[in-house]
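Feature annotations, reproduced from TrEMBL:
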DOMAIN    94-168  domain 'Cation-transporting P-type ATPase N-terminal'
TRANSMEM  151-168  transmembrane segment
TRANSMEM  180-199  transmembrane segment
TRANSMEM  338-356  transmembrane segment
TRANSMEM  382-409  transmembrane segment
TRANSMEM  946-966  transmembrane segment
Amino acid sequence: MSDNLHVNLNCNEPKLDVPTTHSKPNKRWRLAFATIYCARVLHSLLNEKKNGSKLPVATPSSVVLNVKPGAFSNVDQTTLTEIVKEKNLDRLLEFGGVEGVADALETDIKNGISGAVDDVALRQEAFGSNTYKRPPAKSLFHFVVEAFKDLTILILLFGATLSLGFGIKEHGLKEGWYDGGSIFVAVILVVSVSAVSNFRQNRQFEKLSKVSNNIKVDVFRNGRRQQISIFEIVVGDVVGLKIGDQVPADGLFLDGHSLQVDESSMTGESDHVEVNSSHNPFLFSGTKVADGYAQMLVTSVGMNTTWGQMMSTISRDTNEQTPLQVRLNKLTSSMGKFGMAVAFLVLVVSLLRYFTGYTEDENGNQEFIGSNTKALDMVNSMVTIIAAAFTILDVAIPKGLLLAVTLILTYSMKRMMADQAMVRKLSACETMSSATTICTGKTGTLTLNQMKVTKIWLGQEPIEVSSSISTNLLNLIQQGVALNTAGSVYKASSGSSKFEFSGSPTEKAILSWAVLELDMDMEILKQNCTILHVEAFNSEKKRSGVSIRSKADNTIHVHWKGAAEMILAMCSRYYDASGSMKDMDDGERMIFEQIIQGMAASSLRCIAFAHIQIPGEEHEIGVGLQKLKEDSLTLIGLVGIKDPCRPGVRKAVEDCQCAGVNVKMITGDNVFTARAMATECGILRPDQDMTSEAVVEGEVFRNYTLEERLEKVDKIRVMARSSPFDKLLMVQCLKQKGHVVAVTGDGSNDAPALKEAHIGLSMGIQGTEVAKESSDIIILDDNFTSVTTVLRWGRCIYDSIQKLIQLQLTMNVAALVINVVATVSAREVPFTVLKLLWVNLILDTLCALTLATGQPTKDLMEEPPVRQTQPLITNIMWRNILGQALYQIAVVLTLQFSGESIFDVNEKVKDTLILNTSVLCQVFNQVNARKLEKKNVFEGMHKNKLFWGIIGITILLEVVVVEFLKKFVDTESLSWKQWGACIGMAALSWPVGWVVKCIPVSDKPFLSNLNW
């Protein structure tokens, strides 16, 4: 584009010189940029005209404007990237420091960028977007190839090839391809189901990954603090950082205090790095804020950051196996070994029978007659014997069990997402079924997190009207609120009376009170003072402080704000309601303690403000500049903040207690507030207090000996004034006592406890990125009711998998015994490979779906937690498996040996009756599997429409196989009477199941030494 842009002021067509070598997209972009730039310049020129300035016109009808050949011409991305990556202070100073970079990026360091759509688009075009290239997702073809690598599939393909070859040679191409071709088709169908299922699970993980990576970040745009997606950040943005935040892009430190950054994700060093404006203003994407707060100027985003380049080479491993899947692998392997031993014995017996002349062909002639036997006949017979042995091996292995479990887990994860729980680790779904203790926080989890100042005490008097506060006290309160905060206040410049408050819920409540009731002007207060040093709030100190220098009289003041009893302990004087300063003796201190306890007993969070002016002689030696004074303070006042209990929390706590799960509340609030809230939520009974050992303070618990902690930890229901270390200590003690512990957390300091617990539950709204990354499940709505939902889903998943195992093993045990008996006795296999593939397909997919789609029921929360040492296959399941398997064995063997005479049919119809009855037995047994122990298996069945739909599809497919795919599956059409007989025999599994469940079983695990 030429440097001279000619614009006709008389609305004639503008002339824009654009080289014709540009591509169409570039032309469009440059035209758009030129239009925007011209509009801005014309606007400024018209403003000058209004102010009496002369327009620099070239002709009466046109002007020549000197326009930069491109946006941000004073800076390029390479330079910005090198300055930050190399931590090059000299290069930064050559640029004019951070302010010089901000000017080059056209950023107002106080108000940020404009945030207009065209401005954001221009920055993305010039510097890129805050996204990085991900490795390509695994395609469906990848999972198809993986499925074909399965040894069973390879053996089936080999057997199908032999069957196809011998069939064509014996019966010709027209008829001989049916058996082998049908097996090929069945294998392809099985592979397709497996590949599609794994592909969908992989896509599900990809979606969850995108959701979890879409972090909300505080930015300043057009003077307003707002939250945007991390992907929407652009170079030039001013980003607000606080403890626990992930740095969203590379950038430079603008303003802030006590900023400590954890760069271990980039450098591997565990020591925190101090970031400041003088020695180290460099911030890197992907690092975590460990302490303090700050504002940063974004200089590089996306692939221009080291983090982006690193993450673009990393793909999330979605092949994580849960503990339950590992146990299922062990079960499958054990059954495979058992099946191999049985198959080998059957093979030996069959070979001996064949070579000793005990077998006959279809015409009743002896098959093996020594040297007179044709080689081709011998090969055919050998293939038949080996195929029969392989069929026995095939029925012994529950091949589709892992596939079906994957279906259950994937479906449940999707439903849990809808129930406000995002699963980050699959194993947590199962472990939650064993949870015996939930350690939960208070604020935002048990409460609504809608805080409001409802009580104010100045001195020893409650204040109802803010106008009654003395002027000097009002000034101190306003200073203490406005300058000692990590929050902010935004008011639209249009004259609107509405304010927007940002920060933590406590900060927002205090700021709202000070602005709306005390008429605090935060901007004026900041302009009148210089902040010297800040100690940011964290969950261990439970207070924050600031030292300031007044520009009016050059005096230095220190303000503290925090937990009331902790601030009170730092004070030796107090202001009364009139603003007079008084000494605080023991009697006065006791009165203040009673005031604090009274507010806490009303479930109020008590916050105190204190102040001290540093004497002039201490200025010179730097007091208040680096270390804030922490004693001899003067108490300004107390405020009580109300945070109502969430609706439904008491019911959720009761549900947990009925399910055998203890709920413990661990909070930073004082003991009286904690006890009042715990009683309101149902965690404590009204008669439980400090004397009953149900309520303890963190410091007391910390000072117990290990033996005392282990003795008392089960009795504790509430731990108040706790630090993150106390929470970690509690989790460790509970684990030592054999509990399975779930912990909720939202702060970065909660990360050790979240990692230490069996299940870490982070908060999706108030949770920091550090907490989320340390957790297994993210509670998206921060609600304790959702924690209970996760517990219910965990039990539902485990219950569904147990039902599926029972169903699968029933079929496997029955088919194994039937094939062994039939092969050894008559060398006839009722279940051919093709028929077994069909039955397995029904079990692996359709049956899994019927069980996977079940919703958590109230019954699940009436059972005790699943013991982690409990066998996967319980005695109750063994009883049900053996009972149903024996019935199916009896039915099928009766049909095998006497079916022709009973029904007066030929052998082919008999084989069809066997297949049909077996499949229908599995269908009816699905209903039995709905309840492992209860005799009424029909309870609630009418509510699950999907269950009925899948049952209907299964029966429909069976009709198609029997009646319309006769040549492929080697079946024969059945009459209505024969169909009725099959349905009747299968339906008898219901009364059989009822009778079997009447049989008592021992508590001692059957086959416990196998550790299944």
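Just so it is clear, glycine is given a Cβ too, placed from its N, Cα and C backbone atoms.
All annotation found in TrEMBL is predicted automatically rather than curated by experts.
For the transmembrane segment (382-409), the partner stretch with the highest count of Cβ pairs under 8 angstroms, out of 151-168, 180-199, 946-966, is 151-168. Long-range contacts of the transmembrane segment (180-199) within the same chain: residues 138-140, 143-144, 146-148, 153, 156-157, 159-165, 167-168, 403, 406-407, 410, 833-834, 837-838, 840-841, 844-845, 968-970, each at least 6 residues beyond the stretch ends and with a Cβ under 8 Å from a Cβ of the stretch. A Cβ distance under 8 Å defines the sequence-distant neighbours of the transmembrane segment (338-356), meaning residues of its chain 6+ beyond its ends; these are 367-368, 381, 385-386, 388-390, 392-397, 816, 820, 823-824, 827. Regional average pLDDT for the domain 'Cation-transporting P-type ATPase N-terminal' (94-168) in the model is 85. Residue counts for the domain 'Cation-transporting P-type ATPase N-terminal' (94-168) under DSSP, split into helix (H, G, I), strand (E, B) and coil, are 47 helix, 3 strand, 25 coil.
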